[in-house]
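Per TrEMBL, the features are as follows:
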- Glu99: active site, nucleophile (ACT_SITE)
- Glu103: active site, proton donor (ACT_SITE)
- 19-213: domain 'GH16' (DOMAIN)
- Asn107: N-linked glycosylation site (CARBOHYD)
- 1-22: signal peptide (SIGNAL)
Amino acid sequence: MTSYSSSLALMMSILVLRDVSAGNFYQDFDITWGDGRAKILDNGDLLTLSLDKASGSGFQSKNEFLFGKIDMQLKLVPGNSAGTVTAYYLSSQGPTHDEIDFEFLGNLSGDPYILHTNVFSQGKGNREQQFYLWFDPTADFHTYSILWNPQSIIFSVDGTPIREFKNSESIGVPYPKSQPMRIYSSLWNADDWATRGGLVKADWSQAPFTASYRNFNANACVWSSGSSSCSSNSPPSTSSHAWLNEELDRTGQERLKWVQKNYMIYNYCTDAKRFPQGFPPECTINSTS
């Protein structure tokens with residue numbers, strides 16, 4: 001089996017913007033809901049979210065970003081996690097919001113998690129791709145990354161790209177490029193749909209369910225008071241901003257195809273029943289075949 005790291009990930013790992021880098025949960029995030037179910041531990045190095053029958057919990061970043069590479073290590077709810085969803089995403093606000101989603105759909109013990117991805121632009125989503133993972137995401141921490149630049153959005157797991165959403169404005173598809181987004185995460189009860197379409201409900205005797213987070217890192221342009229920290233005084237060609245022009249190299253493209261061939265379980269761009277009048281236009285550009 002091929003190595004899970006890629007040259008893209010290696011290149012990205014050495015790029016550090018002075019604006020934001022490896023962080024501390026106390027400094028970088030606010031717990032926003034859950035009435036004590038979300039906890040920051042280990043002097044700000046660890047954050048846990050928990051869910052019981054009464055409530056889930058969540059947090060959001062203090063900063064807003066307009067483009068960046070965001071890394072977070074997660075260890076998901078172990079055991080019987082059916083009915084639970086752990087969401088980790090970027091989002092702006094309002095009816096025409098932009099959003100870049102990782103959602104982890106729980107399952108019965110021994111059955112695999114489903115990693116659900118989506119991209120919203122100008123309030124329109126319905127761009128779901130779903131994957132199984134090639135490891136147990138509850139046994140240890142793994143790194144889930146979003147690279148968002150003007151050319152494309154790349155979802156990666158442990159440095160391996162699993163999805164690319166290219167800028168398709170040339171064919172009339174809106175692209176997230178003008179609305180700053182915060183990072184959000186939550187653990188919540190979605191047993192009306194999350195596991196086998198809602199057929200399998202949460203087993204509350206197993207509660208509280210807990211997901212853990214560590215090693216947040218953002219090489220990103222912080223948006224504040226109407227301007228970006230990635231100023232024109234530091235052009236994209238400089239090494240600190242190289243991710244602004246990053247694209248998948250040949251190795252990254254091969255890894256992407258490997259994941260999509262072996263681990264993708266749903267792709268809206270191949271769902272003919274859902275789109276009887278023809279697939280969305282971006283599907284021609286985002287195809288890996």
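A Cβ is built for glycine as well, from the same backbone N, Cα and C atoms used for every other residue.
Note: TrEMBL annotation is automatic and uncurated.
Looking just at the domain 'GH16' (19-213), the mean pLDDT is 95.
The residue listed as 'N-linked glycosylation site' is surrounded by 20 other CB atoms, counting those within 10 A of its CB over all protein chains shown. Asn107 (N-linked glycosylation site) and the residue listed as 'active site, nucleophile' are 25 Å apart (CA-CA, integer value). Of all Cβ atoms in the shown protein chains, 19 besides its own fall within 10 Å of the Cβ of Glu103 (active site, proton donor).
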